[in-house]
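Taken from TrEMBL as is:
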BINDING   A:TYR7, A:SER8, A:GLY9, A:GLY10, A:MET11, A:ASP12, A:SER13, A:THR14, A:THR15, A:LEU16, A:LEU17  ATP binding site
BINDING   A:CYS182, A:CYS190, A:CYS193, A:CYS196  Zn(2+) binding site
Protein chains: 2
Amino acid sequence: MNALLIYSGGMDSTTLLYQYQKEIQLAVSFHYGSKHNDREIVYAEQNCKDFGIEHITIRLDFMNQYFRSDLLQTGGAIPEGHYADENMKQTIVPFRNGIMLSIAVGLAESRELDTVLLGNHFGDHAIYPDCRRSFIDAFAEAAHAGTVKGISVVSPYCDLTKREIALIGKSIHVNFANTYSCYNGREKHCGKCGTCIERKEALEGFDPTEYEA
Amino acid sequence: MNALLIYSGGMDSTTLLYQYQKEIQLAVSFHYGSKHNDREIVYAEQNCKDFGIEHITIRLDFMNQYFRSDLLQTGGAIPEGHYADENMKQTIVPFRNGIMLSIAVGLAESRELDTVLLGNHFGDHAIYPDCRRSFIDAFAEAAHAGTVKGISVVSPYCDLTKREIALIGKSIHVNFANTYSCYNGREKHCGKCGTCIERKEALEGFDPTEYEA
């Protein structure tokens, strides 16, 4: 496998980076104008540098400009509460995974790589339609049919919970201190938004994060 | 149907614009750094203005920067010859339709539209994998599964030849003089590249185009 990793700098895709470091030829972060992109991409860059893996950031400014989502800088306040709560739907960025995957597939074909890795997981499924197995499977078929070499889309954590990913990460010594999750994008993790609550639950017992609250 | 049209300014998507003008709420052109984007998008803008349809252009500069294709400004010379010839493969922009469709699907969901229209056709199938029915069908399933409202992807010309599209266009009085096809992107159509040859064949008998050759 010669893979391109879609790499946010969060704990799931960082665990992928550790787990597949020998197969990953290129890691790509997307700056789509979320409130937390600037924070998380710093970790993505640094972790790739530590592993000697090429890393690029692709700016998708049109999403912040034209898309409607409270996750974006142009959107409203980030809701507090549990990740699976109804009000977290305000943080959906429409078809974000479709957009990141498509660009990654085209770039993989340009670079003569054969696989795109994405770190979506089971905990995302309740709220985010483009994290579900039904989307991933259909998109993987589209990527295979729509490229000359038949690029594969692989989502190793699609059926795992975030806790299960954290336990994999712990077992392979992922440094979770060098990952960022908070949707608010301030220096410290807020500890109150959906992703912070999910992060706390996943890392319980070995959480190196310093939270505001 | 409340539709977003992916609109290059070429003869196929312009025929779609005429045919679905009452359903189209937004037309989107993508400037991905091809040699001919600047020429064709002028027509896209003008034709939308004439119909009173909102038009936006989204720049995808990363494609010209990172992707490998002779269609791009950063690529080599455009090959001459027939559209279906082997050497036209150099003009593939990897997964371009996947990328344009994904962004269009996300934007449609943000604007509360229900459908994305794409003007790919049967003549593209030989060379471009992301124009084939197998890709379109899988992608349409991914778009439906990956959005909250279940956005539809509709490709009315997927099984038609370019000649058949041109005849539809003629019957509904499409002004083909206000469309642009040439991959070389000079002021006049070159008449020798694959798309020019295909355009000539499609418009035979009613071609308003002034060719260089």
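Every residue, even glycine, has its Cβ placed from backbone N, Cα and C.
Same-chain residues with CB within 8 A of the center of the A:TYR7, A:SER8, A:GLY9, A:GLY10, A:MET11, A:ASP12, A:SER13, A:THR14, A:THR15, A:LEU16, A:LEU17 CB atoms, the ATP site residues themselves not counted, are A:ALA44, A:GLY119, A:THR179. Neighbour density at the Cβ, taken as the number of other Cβ atoms within 10 Å, is lowest among the binding-site residues A:CYS182, A:CYS190, A:CYS193 for A:CYS190. In the three-state DSSP assignment, the secondary structure recorded for A:CYS193 (Zn(2+) binding site) is strand. Residues within less than 8 Å, Cβ to Cβ, of A:CYS196 (Zn(2+) binding site) and separated from it by at least 6 positions along the same chain comprise A:SER181, A:CYS182, A:TYR183, A:HIS189, A:CYS190, A:TYR211.
Shown in sequence order, A:ILE78, A:SER181, A:TYR183, A:ASN184, A:HIS189, A:GLY191, A:LYS192, A:GLY194, A:THR195, A:ILE197, A:ARG199, A:TYR211, A:GLU212 are the same-chain residues outside A:CYS182, A:CYS190, A:CYS193, A:CYS196 whose Cβ sits within 8 Å of the Cβ centre of the Zn(2+) site. With a 10 A radius on its CB, A:SER13 (ATP binding site) counts 24 other CB atoms from all the protein chains. In three-state terms derived from DSSP, A:CYS182 (Zn(2+) binding site) belongs to neither a helical nor a strand segment and is classed as coil. For the pair formed by A:SER13 (ATP binding site) and A:CYS193 (Zn(2+) binding site), distance between Cα atoms is given as 19 Å, rounded to the nearest Å. For A:TYR7 (ATP binding site) paired with A:CYS193 (Zn(2+) binding site), the C-alpha to C-alpha distance reads 21 Å. With a cut-off of 8 Å between CB atoms and residues at least 6 apart in sequence, the same chain places A:LYS162, A:ILE165, A:ALA166, A:GLY169, A:VAL174, A:PHE176, A:THR179, A:SER181, A:ARG199, A:ALA202, A:LEU203 near A:MET11 (ATP binding site), listed in sequence order.
Taking A:GLY9, A:THR15, A:LEU17 as the binding-site residues under consideration, the smallest Cα distance to A:CYS193 (Zn(2+) binding site) is found for A:GLY9. Non-local neighbourhood of A:LEU17 (ATP binding site): A:LEU5, A:TYR7, A:ILE24, A:ALA27, A:ASN47, A:CYS48, A:PHE51, A:ILE53, each in the same chain, at least six residues away, with C-beta under 8 Å from its C-beta.
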